[in-house]
Amino acid sequence: MVSIEHVAHKILTYIPYVLVLIDMRYEGVKCGKDGSVDNHMEMGKKLLAAGQLADALSHFHAAVDGDPKNYIAYYRRATVFLAMGKSKSALPDLSRVIELKPDFTSARLQRGNLLLKQGKLDEAESDFKKVLNSNPSNKEEKEATSQLAKSDELQRLVAEAHRSYGSKDYMTAAAQLEAIIETCVWDVTSREMRAECFIQMGEMGKAISDLKALSKLKNDNTQAFYKLSTIYYNLGDHEMSLNEVRECLKLDPDHKQCFSHYKQVKKLNKQIQSAEELIREQRFEEAVSKYEAVMKTEPNVPQFSALAKERICHALSQAQQGARAVSACSEVLQSDPENVNVLKDRAEAYVQDEQYEEAIKDYETAAKHSENDHEIKEGLEKAQRLLKQSQRRDYYKILGVKRTAQKKEIIRAYRKLAQQWHPDNFQDPEEKKKAEKKFIDIAQAKEVLTDPEMRTKFDHGEDPMDPESQQGHHHPFHGGFHGFQGFNPFGSGPFNFKFSYN
């Protein structure tokens, strides 16, 4: 059995070795720590010089963590942040450098420049003055003096801009703020004021540019997103308006203005999307009703009324509602006479209504504003062919049917006219001769309009029964009235025709 005294003696003999190991361990940690910081600083410096900013930043992060009082580590990290365009991250590091080493003029000068860009002119001036009072190098003295003078000039411009804005001289204020923002590129206050100036001046594109910058410069800037949404809404851009108001609600789901606006934009956006889907599905009358609902949902923004009327014009034109389409399109063109899409739709509606000269005028006007639009070119050529055709023989007019008439309607009209103008009904030689010609025209009209291929040719301005346009092709009625042998729709008389129900 091992005695307690023997165990105690063994433990006591090992204590000196344990203490030495512990001492060595702590010395190793200390040396390793210092060496690690130096290594990170050296590696960060090399990577920074090589332009490998992300890798350099990682090493300077490690150096700061390893030695929180190493002002050079903070300064180097701030340098990387600035090189990466992350001035917001650089500013706290520069402030920490100055806190650790107040006489570090390079850091103070850098901070002054950042504060100047942020429009914090008083704080910037303070830094520039302290640089000048701390034995700076010639280069630092020159830069601090120049920046201090610039800050004084900016202070004067800021005061003038506020006076101009207060007196509602928005154009002058905007010009003064422009000069300020050229230097103070991150100045939130000046950009907010200039954005408001642009809104008051009706320069919405410029206002949008400033507000988008503000949404990035200022954290949780719900007001910028709200203003962006309302501007886009008033410009008639419902999709962009919806995007911006959603950004506002991401930051603050309980924002009263944004939530109220969101409900209105969402409703309108849904109606417009539904109407467009109906047009794609060729449910044109339903699309018209939906766009009429859009005008009721938002009667106070002219852009949405104009959009709705333009799309109603298009839907009616596509629905072959010529007269209604012409009326709807004409209303849009009164306020927007160079609207190419509406000009094309009205031209097509005029074609449907057989007003070819008016259609040609619209296509020609549209072509002036959109020279390379193939639809305009094709539409114009078609209208010109149809005009020429209408001045000769029009099979639709012969049967007294519209261009949109279905086959059954065409056959019904043909039967009625063929019975009326059958040559057997006339005894007088002159009247019989006239009836023969009329009867041929009626039969030819029926033949063309009930044959899909011939009707398509005719609708594109080509007469399938015209020998001049059908050279080399069989002419079904060539040779005059006697070509009708075996085609009497009533089965009597010398012609012995056979009626066709096709």
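Just so it is clear, glycine is given a Cβ too, placed from its N, Cα and C backbone atoms.
Straight from TrEMBL, the features:
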DOMAIN    394-462  domain 'J'
REGION    458-481  region 'Disordered'
REPEAT    37-70  repeat 'TPR'
REPEAT    71-104  repeat 'TPR'
REPEAT    105-138  repeat 'TPR'
REPEAT    222-255  repeat 'TPR'
REPEAT    340-373  repeat 'TPR'
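Here the repeat 'TPR' (105-138) has Cβ contacts under 8 Å with residues 71, 75, 78, 82, 87, 90-91, 94-95, 97-98, 144-145, 147-148, 150-152, 154-155, 158, 180, 183-190 of the same chain, all six or more residues outside its ends. For the repeat 'TPR' (340-373), residue counts in helix, strand and coil come to 27 helix, 0 strand, 7 coil, using DSSP. Counted with DSSP, the repeat 'TPR' (222-255) comes out as 27 helix, 0 strand, 7 coil. Confidence across the domain 'J' (394-462), taken as the mean pLDDT and rounded to a whole number, stands at 89. Per DSSP, the repeat 'TPR' (71-104) is made up of 27 helix, 0 strand, 7 coil.
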